[in-house]
Amino acid sequence: MKFGGSSVADAERLKRAARRIVAAREDGNRVVAVLSARGKTTDELVGLAAEMSDAPDPREMDMLLSTGERISCALCAMAINDLGHRAISLTGSQAGIVTDTSHTKARILDVRADRIKTALDEGQIVLVAGFQGVSTSHDVTTLGRGGSDTTAVALAAAVDADVCEIYTDVSGVFSADPRIVPDARKLDVVSFEEMLEMASSGAKVLQLRSVEYARNHDVRIHCRSSFEDVTGTFVVGEQETMEHPLITAVTHSTDEARLSLVGVPDEIGAAAKIFTALADANCNVDMIIQNEPLEEGRKAEVSFTVPRGDLRVARETLEPIAAELGVDSIDAVPEMGKVSIVGAGMKSHPGVAAKVFQVLAEERINIEMISTSPIKISCVIAADKVPDAVRALHGAFELGAGGIQAEAPIGEQAR
Ligand code: ASP
Ligand code: MG
């Protein structure tokens, strides 16, 4: 069971999480719970660091950020003990989560869950601080923002859990962000592949890496509300998803930035140089477009998107490379957004892309870049056009609660 920041934001909510954990235990389950930092704690810790330094040392950043989830776990253990059960809180390191050494973005290498298993065998409820581990060189590391999801999935895999329940402030995964599309529909089942595409194109419910981990280790995820006791969304292997709707969801992001290198000499190895440098700087490059010059000796243009937060680093990284290659200029557009449609069914249906472009054209929205995968079509557009684009696509593909793909409400189905 993993509880997100908003589910443990204050004493009342933490106690509610504690009761939920205890209820699962009393149902006869052995329970490992992963907790996030309370509310905006992690943001506040980032703010504290910013007060001290413009470029805080990553190792010290991890020492700082890892404290938020420890607070949640210790407090929750106290509440559980008061409810008459035995709970033990563990840091990521104590829980045996071993990572690589890349501070603030560490990857889990191994989970040595012996201590957890022993505690479970002794009848204890185990609480693990999310989003952190210990590196191969014995330093505290964190797994990147939203990383508690990955902690939960990794532990579920390590203890061979029946299910990894992700408790959050929404009741599941939706066909679009309900704040933008009021009739967005809660999805009952989503495949790992679809969820990966959704998480990578802006759906915030689950951290991308946690979905990758779940797919690789075949961990069933149940994403559900911590405030009401109803079934949420199951994220499972494709063989378990019974139907394949053409389109499952519309996702979006409003924090993209575009960088264009204008006048890149058309020579072998130029792209390799550019993107190797960005990879070494840990910049997450998303869409890439290069136009090939028509005549010999002419120059190419290379454009790509990065999360807006990576823009400064990307630019600084590229400046020396651009000078070395003889690039004419680097242009940056910081206010870009992206809208995507995801659906396993589009694999076997032609015409989906055409319809997407048609819908956006009718909305008078200019598409700046396009990328596709077998089950996703993404368009980069101006950030302020994103809500309109999401609503239009959601409506055009009839994904809403009133649309043709709607299913019976949960209560009906149970009967
Ligand atoms: N507390 C961390 C964050 O805010 C990790 C998490 O909640 O998953 O990103
Ligand atoms: Mg989260």
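Quick reminder: no glycine exception, Cβ is built from N, Cα and C everywhere.
Per TrEMBL, the features are:
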- Lys2, Phe3, Gly4, Gly5, Thr168, Asp169, Arg179, Lys204, Val205: ATP binding site (BINDING)
- Thr42, Glu69: substrate binding site (BINDING)
- 259-335: domain 'ACT' (DOMAIN)
- 341-409: domain 'ACT' (DOMAIN)
Which state, by DSSP, holds Arg179 (ATP binding site): helix, strand or coil?
coil
In sequence order, those binding-site residues of Lys2, Thr168, Arg179, Val205 whose CB lies under 6 Å from ligand 1:
none
From Gly4, Thr42, Thr168, Val205, which binding-site residues have a C-beta atom under 6 Å away from some atom of ligand 2?
Gly4
List, in sequence order, the same-chain residues at least six positions removed whose CB sits under 8 Å from that of Gly4 (ATP binding site)?
Ser36, Ser148, Ile166, Tyr167, Thr168, Asp169, Ser226
Tell me the coarse DSSP state (helix, strand, coil) of Glu69 (substrate binding site).
helix
Helix, strand or coil by DSSP: which one applies to Gly4 (ATP binding site)?
coil
Take the domain 'ACT' (259-335) and average the pLDDT across it for me.
91
To the nearest whole angstrom, what is the C-alpha distance linking Lys2 (ATP binding site) and Glu69 (substrate binding site)?
12
Report the member of Lys2, Arg179 (the binding-site residues) whose C-beta atom has the most other C-beta atoms within 10 angstroms.
Lys2
